[in-house]
Amino acid sequence: MVGKFMLVLFVVAIFQLYSSPVSANPAIITGYDPMEVCIENCAQCKKMLGAWFEGQLCAESCIKYRGKMIPDCENYASISPFLNKL
């Protein structure tokens, strides 16, 4: 009796699983916000370079240029405006 009930319950669960639509939203399809990426990169560069990197100035430029110039911490040309000489 319990075995039949478990089998029926299992079949109903499988039916529900396959009959309900899945609404997945992967990030690749939805895109990304360049300003968000820019500000996150500024924070990452600040963590990597510490006092030599002006994180506040970097984030302000992200806002000013609306994320058009995304800094790359490993590319000197993209972060040179935000480096200080201590």
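Quick reminder: no glycine exception, Cβ is built from N, Cα and C everywhere.
Of the listed residues Cys62, Cys73, Cys73 is the one TrEMBL pairs with Cys45, by disulfide bond. Reviewing Cys42, Cys62, the cysteine that TrEMBL connects to Cys58 via a disulfide bond turns out to be Cys42.
Here the candidates are the disulfide-bonded residues Cys38, Cys42, Cys58, Cys62, and by Cα distance the one nearest Cys73 (disulfide bond) turns out to be Cys42. Counted within 10 Å of its Cβ, the other Cβ atoms near Cys38 (disulfide bond) come to 21, all protein chains included. Shown are the disulfide-bonded residues Cys45, Cys73; the one with the most C-beta atoms within 10 angstroms of its own C-beta is Cys45.
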